[in-house]
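Asks: Okay, handing you the structure first.
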Ligand SMILES: NC(=O)C1=CN([C@@H]2O[C@H](COP(=O)(O)OP(=O)(O)OC[C@H]3O[C@@H](n4cnc5c(N)ncnc54)[C@H](OP(=O)(O)O)[C@@H]3O)[C@@H](O)[C@H]2O)C=CC1
Ligand SMILES: O=C(O)C1=N[C@H](C(=O)O)C[C@H](O)C1
């Protein structure tokens, strides 16, 4: 029988880490070969299934990522920017597909993924769901069809624990709107308005972030003109959509040439 790809999950105890472990364990297309946490974490040395409060999965949580990545065909990584850069180097060494869901990376940190992508496949997206990646395409089309009489605003809402803003998804949507308009987002981006900001500048793309409760992730792209408004909206109600997308990316990357890819490549949108 052909063996399915073995996958390592980093940030195993995290909200996404646990969802990924469940998704991989339930899948017949891949199997879990490693679960990584930081040194000193209370889960290290325990069976990851038991640590999650369920049945044993036969995988012990480790703080030695290279040991498990060396035996894996893919690593799925929803952690934090500097950790992701370290995992990228290890995945490149092992020639394992590195699926990156981590958001909040600066342009400099993203550029530092370049050397790893010369040796291995990297699939990175601020949102791994089918719905959001479709919304990105729609945003690009709508922005291309409208002129600057329509003000573009990206509004996002997330749970109280989220540490980065605007969300990775909001930035993807902003980039798509800017691309549709044929402008560089860095030149037209309005972030964090407060105080006497002056009137809105024509052609700018604004961002607003709401944080509260257990909101999984909601995104709206507003095109507002005199006399009419268009609203494109996505609401995530279950983190499983991100985990399913990430697993799809890990499988899609098998046998692909080294390089940087995103979910538009994976989903063929
Ligand atoms: N692209 C997408 O579709 C999605 C992206 N995300 C992004 O994924 C990331 C994680 O989100 P979420 O699961 O909610 O966050 P959590 O805080 O619940 O989990 C983060 C995990 O990463 C671990 N971690 C943090 N720093 C390091 C490090 N230096 N080395 C190793 N492990 C580390 C944490 O360990 P510890 O507990 O020890 O701190 C924790 O287990 C965020 O950037 C979020 O925006 C989230 C959902 C969807
Ligand atoms: O931190 C989260 O939770 C999420 N992060 C991603 C983002 O920054 O857009 C994706 C999703 O919205 C959930």
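Including glycine, each Cβ sits where the backbone N, Cα and C put it.
TrEMBL: automatically predicted annotations, no manual curation.
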Asks: Out of 37, 153, 156, which one does TrEMBL list together with 11, 12, 13, 14, 15, 16, 101, 102, 103, 125, 126, 127, 128 for NAD(+)?
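Replies: Answer per TrEMBL: 37.
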Asks: Can you tell which of the recorded positions 13, 15, 127, 158, 162 lies nearest to residue 168 ((S)-2,3,4,5-tetrahydrodipicolinate binding site) in space, using Cα positions?
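Replies: In terms of Cα distance, residue 168 ((S)-2,3,4,5-tetrahydrodipicolinate binding site) lies closest to 127.
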Asks: Relative to the Cβ position of residue 169 ((S)-2,3,4,5-tetrahydrodipicolinate binding site), how many further Cβ atoms are located within 10 Å?
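Replies: The answer is 26 other Cβ atoms.
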Asks: Given 11, 13, 15, 37, 125 as the binding-site residues, which ones have a Cβ positioned under 6 Å from some atom of ligand 2?
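Replies: Qualifying residues: none.
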Asks: At the Cα level, what's the spacing in Å between residue 159 ((S)-2,3,4,5-tetrahydrodipicolinate binding site) and residue 127 (NAD(+) binding site), rounded?
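Replies: That separation, Cα to Cα, works out to 15 Å.
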